[in-house]
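Q: Handing you this structure, nothing more for now.
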Amino acid sequence: MNLKEKTRALFAEIFGYPATHTIQAPGRVNLIGEHTDYNDGFVLPCAIDYQTVISCAPRDDRTVRVIAADYDNQVDEFSLDAPIVTHDSQQWSNYVRGVVKHLQQRNNAFGGVDMVISGNVPQGAGLSSSASLEVAVGTVFQQLYHLPLDGAQIALNGQEAENQFVGCNCGIMDQLISALGKKDHALLIDCRTLGAKAVSMPKGVAVVIINSNFKRTLVGSEYNTRREQCETGARFFQQPALRDVSLEAFNAVASELDPVVAKRVRHVLSENARTVEAASALEKGDLQRMGQLMAESHASMRDDFEITVPQIDTLVDIVKATIGDQGGVRMTGGGFGGCVVALIPEDLVPAVRQAVAQQYEAKTGIKETFYVCKPSQGAGQC
């Protein structure tokens, strides 16, 4: 039973009537462009075929009822006419409540909803299960009540909910790719303008995601420290964001900066340049150049931004040794664990799977999880 069938069946069973709509929003993997989004820079993610699915129907009153199928059918119920506050014990509820609260501030021309939520985006892996949930919930209200909101606005609404209601200082990329993803393409996103350019993926290339299963937490962690260091760097150059600083300007005065801040700034500036070049390499089908750029990105995250861990570096080394220059591999996501992403010819997938299975656990004591993904369509009805 797929997620659509599962949520529709559960909806009918619990609520006693059929759902009118089923909405999906995908998770994502970022191919290159890490920690550039909140610096107004460029990112190159693609949506993946793992998603949050919500079967839903409008109500004729002002109540929102939510069932979380993946949490033993836990229930949340709240009124649109009372102030929406955080839930004491159900963290998943706060993503739903936050999205609805911020939607009310944008356009409150909507009423109650019944919904059943389920998803298969791996949680805590850096594949944006939370953004997928936020975009799915926003799309539910937009579709059921014909709200005049486009994908970018639904994405921004989700980001606001996560920043202000949930309390995690994320950038815009995760929500934007979930809302705007295009099948068989990556998106080069300008995080300042929110402009997105579809970049076709070469034929016969697999997007492989390997979860290190080294546990990471983002909320309240090193992520916010990195963000502050980047803001310190932008202030030093008297610019609104690091996006506005050139590598030449940085190199001329790097020695005047705090050494740690200088490393963080160098990563962001070089990563922005790599990301723009990667989009054109991908479009030309130049997997060799893409691989070089991904390798440089990983080294920069490891040495300048200092967000990798030994388990992740081990995974990258195993994959790189297997594929050589036929594709690329790097850490993806916020850092401190999580996943690596590899772009490799489909016929090399079995060899990579085997090499990782034979070596990773032996070296780290942790068993990996291996996903082969397809670049997928963004949020909408399914």
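Placed from the backbone N, Cα and C atoms, the Cβ positions cover glycine too.
Heads up, here are the entries from Swiss-Prot:
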type	residues	note
SITE	Arg28	site 'Transition state stabilizer'
BINDING	Glu34, His35, Thr36, Asp37, Tyr223	substrate binding site
BINDING	Gly124, Ala125, Gly126, Leu127, Ser128, Ser129, Ser130	ATP binding site
BINDING	Ser130, Glu162	Mg(2+) binding site
ACT_SITE	Asp174	active site, proton acceptor
Q: Once near-sequence residues are set aside, which residues in the chain of Glu34 (substrate binding site), 6 or more away, have Cβ atoms under 8 Å from its Cβ?
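A: The answer is Glu271, Ser297, Met301, Phe305, Ile307, Met331, Thr332, Gly333, Gly335.
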Q: Of the residues named as substrate binders, Glu34, His35, Thr36, Asp37, Tyr223, how far apart in Å are the Cα atoms of the most distant pair?
A: 13
Q: Same chain, not part of Gly124, Ala125, Gly126, Leu127, Ser128, Ser129, Ser130: whose C-beta falls within 8 angstroms of the C-beta centre of the ATP site? Give them in sequence order.
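A: Other same-chain residues near the ATP site: Gly27, Val121, Pro122, Gln123, Gly333, Gly338.
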Q: Per 10 Å Cβ neighbour count, which of the recorded positions Arg28, His35 ranks highest?
A: Arg28
Q: Spatially speaking, which of the recorded positions Leu127, Ser128, Glu162, Asp174 is closest to Asp37 (substrate binding site)? Use C-alpha to C-alpha, please.
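A: Comparing Cα positions, the candidate nearest Asp37 (substrate binding site) turns out to be Asp174.
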Q: Starting from Ser130 (ATP binding site), work out which of the recorded positions listed here (His35, Thr36, Asp174, Tyr223) have their Cα within 10 Å, and give them in sequence order.
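A: Taking His35, Thr36, Asp174, Tyr223 one by one, the ones whose Cα falls within 10 Å of Ser130 (ATP binding site) are Asp174.
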Q: Hey, of His35, Thr36, Glu162, Asp174, Tyr223, which of those recorded positions are within 10 Å of Leu127 (ATP binding site), Cα to Cα?
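A: Cα within 10 Å of Leu127 (ATP binding site): Asp174.
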Q: Which residue, of the binding-site residues Thr36, Ser129, Ser130, has its CB surrounded by the fewest other CB atoms within 10 A?
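A: The binding-site residues Thr36, Ser129, Ser130 were compared, and Ser129 has the fewest Cβ atoms within 10 Å.
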Q: Express the distance between the Cα positions of Thr36 (substrate binding site) and the residue listed as 'active site, proton acceptor' as a whole number of Å.
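A: Checking the Cα atoms of Thr36 (substrate binding site) and the residue listed as 'active site, proton acceptor' gives a distance of 12 Å.
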Q: For Arg28 (site 'Transition state stabilizer'), what is the secondary structure by DSSP, using just helix, strand and coil?
A: strand
Q: Starting from the substrate site formed by Glu34, His35, Thr36, Asp37, Tyr223, give every other residue of that chain whose CB sits within 8 Å of the mean position of their CB atoms, in sequence order.
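A: Here the nearby residues are Gly33, Tyr38, Asn39, Val43, Gly171, Met173, Arg226, Val268, Gly334.
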Q: Taking the Cα atoms as reference points, how far is Arg28 (site 'Transition state stabilizer') from Tyr223 (substrate binding site) in Å?
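A: Computed Cα spacing between Arg28 (site 'Transition state stabilizer') and Tyr223 (substrate binding site) is 19 Å.
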Q: Out of these recorded positions, Asp37, Glu162, Asp174, which one has the fewest other C-beta atoms within 10 Å of its own C-beta?
A: Asp37
Q: Whole-number Å only: compute the distance from the Cα of Gly124 (ATP binding site) to the Cα of the residue listed as 'active site, proton acceptor'.
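A: So the alpha carbons of Gly124 (ATP binding site) and the residue listed as 'active site, proton acceptor' sit roughly 14 Å from each other.
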Q: Among the binding-site residues listed here (Ala125, Leu127), identify the one with the smallest other-Cβ count within 10 Å.
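A: It is Ala125 that, of the binding-site residues Ala125, Leu127, has the fewest other Cβ atoms within 10 Å.
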